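Features of the protein shown, as given by Swiss-Prot:
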- Gly47, Ile48, Gly49, Lys50, Ser51, Thr52, Lys76, Asn217, Arg218, Pro241, Asp242, Leu243: ATP binding site (BINDING)
- Ser51: Mg(2+) binding site (BINDING)
- Cys132, Cys166: [4Fe-4S] cluster binding site (BINDING)
- 1-24: region 'Disordered' (REGION)
Amino acid sequence: MSSVLERPAAPAILPSRQDGEGSVQVKMDPNLKIGTARVFSVYGKGGIGKSTTSSNLSVAFSKLGKRVLQIGCDPKHDSTFTLTKKLVPTVIDVLESVNFHSEELRPEDFVYPGYNGVMCVEAGGPPAGTGCGGYVVGQTVKLLKEHHLLEDTDVVIFDVLGDVVCGGFAAPLQHAQRALIVAANDFDSIFAMNRIVAAIQAKSKNYEVRLGGVICNRSAATDQIDKFNAAVGLNTLAHLPDLDGIRRSRLKKCTVFEMEDEPELERARQEYLRLAATLLAGTEPLAPAPLRDRDIFDLLGFD
């Protein structure tokens, strides 16, 4: 038997893939457009308060006279419960009930009225370990268009689960003009934000979406976020401190705009209204350069 080891064959050069191809992605329909509405996609580390932020921001837009639609993109389907006061059925649940014959559905089967006129939809998601979130988001937008529900909408907010930015749950970026990142002033949150920045920058090569900025949440200070922003080219759009009143609003199944008047909650309401006005006025498209993982370790920390 020969003892000569054969040199392994050179790896095959894989053909380049278009966006949406591959085993973990869904081919996006380039013709599936939302229309004239201002569309924002909200990302951030899991548990950082994206749904709270999205719901309060939706109400702030509605307080400024805008017709708002919030779309929850999470299998937990709890994005809109402070607006609707309940966990509403998901689009996938409703489609399954009619064996995916969408023509049998009415708008009231999957769109639910929320506080101050905000329209609420929970896209839901496939069972754990199966399917792809991109399909769910695509079906949701398709349904909304079929029923002409996007034609009378001024603002759409996609509230996207955790910091998962695979081809599936990055699907809202196909529709958004601006992506917003909710982050706290801590290492784990900023580490996740860096990954999200990288994913959004990759998607921006094929889609209109650009980063709009950071919403600092549940934080007394912003020094670590400020340090990261300066290093990559981001900016902070709003700062919501860690308020007990905001936590209590979730327990009461309501937004901060429905809570009893308290000085700290009034400041939070004004910050949400200011953020909504800023986004409506238009934010500069940002093109940050994400850091390598090891560089974040070197950058962050107390001096």
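Backbone N, Cα and C atoms are what each Cβ position is placed from, and that goes for glycine too.
From a predicted model like this one, the values you see are computed outputs, not experimental measurements.
Structure coloured by features recorded in Swiss-Prot.
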residue: Gly47; record: ATP binding site; DSSP class: coil
residue: Lys76; record: ATP binding site; DSSP class: coil
residue: Arg218; record: ATP binding site; DSSP class: coil
residue: Asp242; record: ATP binding site; DSSP class: coil
- prompt: So which of the binding-site residues is most packed in, judged by how many other Cβ atoms lie within 10 Å of its Cβ, out of Lys76, Arg218?
  reply: Arg218
